[in-house]
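What TrEMBL says about this protein:
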type    : residues                                                                            : note
REGION  : 1-23                                                                                : region 'Disordered'
DOMAIN  : 9-202                                                                               : domain 'Poly(A) polymerase nucleotidyltransferase'
BINDING : Phe88, Gly89, Ser90, Asp101, Ile102, Asp103, Asp155, Lys216, Tyr225, Gly234, Val235 : ATP binding site
BINDING : Asp101, Asp103, Asp155                                                              : Mg(2+) 2 binding site
BINDING : Asp101, Asp103                                                                      : Mg(2+) 1 binding site
DOMAIN  : 207-352                                                                             : domain 'Poly(A) polymerase central'
DOMAIN  : 354-526                                                                             : domain 'Poly(A) polymerase RNA-binding'
REGION  : 531-553                                                                             : region 'Disordered'
Amino acid sequence: MASQQGFYGVTPPISTSESSEREKEVTVSLMEELRRQNVFENEQEARTREIVMGRVAALVKKFVRTVSLSRGLSETAANAAGGKIFTFGSYRLGVHGPGSDIDTLCVVPKHVSREDFFDVFEPMLREAEGAMEVSGVPEAYVPIIKTKISGIPIDFLMARLALSSIPDDLSLQDNNLLRNLDERCVRSLNGSRVNEEIMRLVPNVEVFRDSLRCIKLWATRRAIYSNVNGFLGGVGWAMLVARICQLYPNAIAGAIVSRFFIIMYQWSWPQPVLLKQIEEGPLQVRVWNPKLYPGDRSHRMPIITPAYPAMCATHNVTASTQSIMTEEFKKGADIVDKVIIGKASWSELFEKHDFFLKYRNYLQVIASTGDPELQMKWAGTVESRIRQLVMKLEYVASLTLAHPFIKGFNQTSCCLSDEEVHAVAQGEISDAIANRKREDIEGKEGASLVYSTTFYIGLAIEPKQRELQLADAVGPRRLDISYPTTEFTKMVKLWEHFDESKMGIIVRHIKSSGLPDCVFDVGERPAKLVQKRVKGPGKSGDTSPHKPTKKQRSVYYQAQILTGTLPDYRASTRSSNTTPEVPLRLTTSANSSAPVSLPSVAETPGLYASKEHLSVKSPQLPFGENVAVATGPVGVS
């Protein structure tokens, strides 16, 4: 919907011209490439989604009825209490693909509590036909239940309205519905309300959808699609694309994508991205305003939701993740520019990230338990706090970047002894354990399964200055990261459900040569990383956990690269005077207390450098188009 000034958004458009013939040609080739990339679901999956959502709608009504009866309501009142689902995210925006999750908001009346959502609805989900991997995270910023039903991933949120019943024709666009709600319910409602506003505020919904499909695929392939890890989530990317659509109301997808990368690279952060002017309202709810709230002033890449109350969808962005995304905008702009002039194909834009090839040093964060359902919750809790570790690492001298990967790697290990359990929890999985199957341990005394999830953070280390190299040419560089990692493990263990007897958390440094094969695609790992040192005469090839290698001994007994705790059920392999806390210190010997020593790193010059320090030419809009129209200051009252 255009504003009273006759244009979409908070500024006039940069250009109202129609797309050129060449832009129309590249748009056709873009859509062909998106189909080759399998971003559109087939009819069978679409039908399955419709069936599943119908069953979910009925289950929510059953949930509300069950709670209503337990509160003493009559059968008639319980049946009339209603309950309704609203979808949002990629499914509601019409840009979901095969395997995409469905973000689903459950709206319930005032007598149904959030505790009921997790104590009653979550067990009902577990019993539902086709449901699996049900996992609730009630303490999340937006409390959520994750599950899969008939293979369709679904994320459930809940909002409790101040109404005695929820009618089937309820609309969430009325701001008065927010009255007397707690902040968690307001945040839960915001997803659906924001989606409706986005669709209303773009000039052409189909162009928006085609462009957003492209950007979502690009962000996923480049490993920058993850709100929880400090990048942008689905709504963040959607609002950026919507803003470019507003600035080019008559352009088609190829032109929108081209301008997207250039404008986002040149954007004057922390100038906010707004789809409409921020609304004030009569309700006692907080509205994003950096003039009033110091916390809002700290947002590095503010992208503000268009629905009241306005919120920052990108408060998780850190200095490192902003730098990474900025560099990816530039790379994207360079590729699309070549596509436009016929020197590249769209497939180059969607090439896989090189995260596990980029750095010499990484941190592994390993969360482990002995129960699959507990593991989902524990790993989710740890992942939600990885961003805090990244922010602490950014203050470490000589670290120029802490780059979190956007997902964890799950592994189930079949262990025959406590020693193997202990090794797996610390990330030392021998070939014997990795190749062992469940049937190999069935019926064997002392055997158990360990479920682990490993998260990775790439570390970019500032190259030595020549003067420092000459002055300190002897010995390894020292980098003390014990404080941020120890503080991180303390923080995750503050989770109210943390049980040291059942959950393990370990942070350790690992070199690129020590990365496990599971993080690489087949044939992706460089040959030099898989070459094994030839053993001399008398050298043992036994890597059994019962006979640790020198590398394993340095990990277990010198506590060189570990911080965190292991569950008590693994403690049988440790001596009685071993403390559960292992400080993160890479030491040169067992008795040394020197800080973490990492080898001199020849990082690529300018790796994720700031825009001011890039030596290459900045991407530019076509002649006659001025990015300042969009990036100039916009008043926030």
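Glycine is treated like the rest: Cβ placed from N, Cα and C.
Any TrEMBL annotation is an automated prediction that lacks curation.
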**Request:** May I ask which residues of the same chain, at least 6 positions away in sequence, place their Cβ under 8 angstroms from the Cβ of Tyr225 (ATP binding site)?
**Result:** Lys216, Ala219, Phe231, Leu232, Gly233, Gly234, Trp237, Ile406
**Item:** In sequence order, the binding-site residues (Ser90, Asp155, Val235) whose C-alpha falls within 10 A of Asp101 (Mg(2+) 2 binding site)
**Value:** Ser90, Asp155
**Item:** DSSP-derived helix, strand and coil totals, residue by residue, for the domain 'Poly(A) polymerase central' (207-352)
**Value:** 74 helix, 6 strand, 66 coil
**Message:** I'd like the number of other C-beta atoms within 10 A of the C-beta of Val235 (ATP binding site), please.
**Reply:** 23
**Item:** Residues flanking the Mg(2+) 2 site, with Cβ no more than 8 Å from the Cβ centroid of Asp101, Asp103, Asp155 and excluding those residues themselves
**Value:** Gly89, Tyr91, Ile102, Thr104, Lys146, Pro153, Ile154, Phe156
**Residue pair Asp155 (ATP binding site), Asp103 (Mg(2+) 2 binding site) - Cα distance, angstrom, rounded** = 5
**Prompt:** In Å, rounded, how far does the Cα of Ser90 (ATP binding site) sit from the Cα of Asp103 (Mg(2+) 2 binding site)?
**Reply:** 8
**Request:** Take the C-alpha atoms of Asp103 (Mg(2+) 2 binding site) and Phe88 (ATP binding site) and report the distance between them in angstrom, rounded.
**Result:** 5
**Prompt:** Within the chain of Ile102 (ATP binding site), which residues six or more apart in sequence place their C-beta under 8 angstroms from its C-beta?
**Reply:** Arg49, Val52, Met53, Thr87, Gly89, Tyr91, His96, Ile152, Pro153, Ile154, Asp155
**Request:** Mind telling me which of the binding-site residues Asp101, Asp103, Asp155 has the densest Cβ neighbourhood, counting other Cβ atoms within 10 Å?
**Result:** Asp103
**Request:** Could you pull the average pLDDT for the domain 'Poly(A) polymerase nucleotidyltransferase' (9-202)?
**Result:** 93
**Request:** Ten-angstrom check, please: count other Cβ atoms within 10 Å of the Cβ of Phe88 (ATP binding site), all chains counted.
**Result:** 26
